[in-house]
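Feature list (source: Swiss-Prot):
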ACT_SITE  Glu274  active site, proton donor/acceptor
BINDING   Pro88, Thr89, Tyr90, Asp119, Arg156, Arg161, Asp186, Asp187, Asp188, His301, Thr302, Arg303  UDP-alpha-D-glucuronate binding site
BINDING   Asp188  Mn(2+) binding site
REGION    235-244  region 'Interaction with galactose moiety of substrate glycoprotein'
TRANSMEM  3-23  transmembrane segment
Amino acid sequence: MKSALCSRFFILLPWILIVIIMLDVDPRRPAPQLTSRPYFSPHAVGCGGSRVPLRRSSPGRDAAEKRNESRPQLQPEPRLPTIYAITPTYSRPVQKAELTRLANTFRQVAQLHWILVEDRATRSELVSSFLARAGLPNTHLHVPTPRRYKRPWLPRATEQRNAGLAWLRQRHQHQSAQPGVLFFADDDNTYSLELFQEMRTTRKVSVWPVGLVGGRRYERPLVKNGKVVGWYTGWREDRPFAIDMAGFAVSLQVILSNPKAVFKRRGSQPGMQESDFLKQITTVEELEPKASNCTKVLVWHTRTEKVNLANEPKYHLDTVNIEV
């Protein structure tokens, strides 16, 4: 009985397989196209002899590549004019605090070079160490003010500003000057970052208002039809340029084209150094008003309160010498 069932099963098995294959084949499915180009090249092998697939081309990809090849290359952005900030400084209890505040501002300005000039015969360790950690392109200069000029009623920082001007001229003496702008940044001033955007486009000499100066909330150039026509100031309106040292910037090319333009000690009256300097390089008609036609204050002539050190010990000092 078992042998009869097995014989019948093996007789029917081939026919069952044929029926299954016929049902699985879809007569509407297109036959695969044969190509003479293999997907794998027998000669393209990688490490260990493994086959490396060749990249297949397609009309869409070829068209995209042609579009990319024909697309013009983007030109590099023009280099920003360098802003040179000349800062006179002198030793006092708040010196490092003032310089720290100023450095925190300058660090946020692109393409700025800080020229720091000390009023002393040698570089101080405090300022040298400070600049080494400041993270700013800088030049550290020093020149002492002669004793006879250290009077309360005489202008300050004349020698230091002139040292910064001399360094700029010497640096660009034997090379073509790159676009640049110079301004005088006292270490106790406060600056809005917007001011640096304004001054960077200076063509010759640009001007703007200054806050908290001259016994007023602000001083500014008076502008009409885009030209400076006068001065809003609390002291000597008859000055040719009744402006604070923090209220103007000069193109580097103008500085180099006028090598004799400096701040003068002799023949310059108190409070007239700005006017005497600007008279050597420009005229009022050529001034370029910034800060919305000189209607916005972007720099303040702030002054740090005099430090009270009455309780500082003279004999029983701290065992640790901390720099302040």
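For all residues, glycine too, the Cβ spot is worked out from N, Cα and C.
Fair warning: this is a prediction, and the values are worked out from it, not measured in the lab.
This view paints the features noted in Swiss-Prot onto the structure.
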| residue | record | DSSP class |
| --- | --- | --- |
| Pro88 | UDP-alpha-D-glucuronate binding site | strand |
| Arg156 | UDP-alpha-D-glucuronate binding site | coil |
| Asp186 | UDP-alpha-D-glucuronate binding site | coil |
| Glu274 | active site, proton donor/acceptor | helix |
| Thr302 | UDP-alpha-D-glucuronate binding site | coil |
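Each of the binding-site residues Pro88, Asp188 was scored by the number of other CB atoms within 10 A of its CB, and the lowest score belongs to Asp188.
Long-range C-beta contacts of Asp186 (UDP-alpha-D-glucuronate binding site), restricted to its own chain and to partners at least six residues apart, with a cutoff below 8 Å, comprise Thr87, Pro88, Ala157, Met245, Ala246, His301. Non-local neighbourhood of Arg156 (UDP-alpha-D-glucuronate binding site): Pro88, Thr145, each in the same chain, at least six residues away, with C-beta under 8 Å from its C-beta. As a summary of secondary structure, the region 'Interaction with galactose moiety of substrate glycoprotein' (235-244) carries 0 helix, 0 strand, 10 coil according to DSSP. Cα of Asp188 (UDP-alpha-D-glucuronate binding site) to Cα of the residue listed as 'active site, proton donor/acceptor': a span of 18 Å. Distance noted between the C-alpha atoms of Thr302 (UDP-alpha-D-glucuronate binding site) and Glu274 (active site, proton donor/acceptor) is 19 Å.
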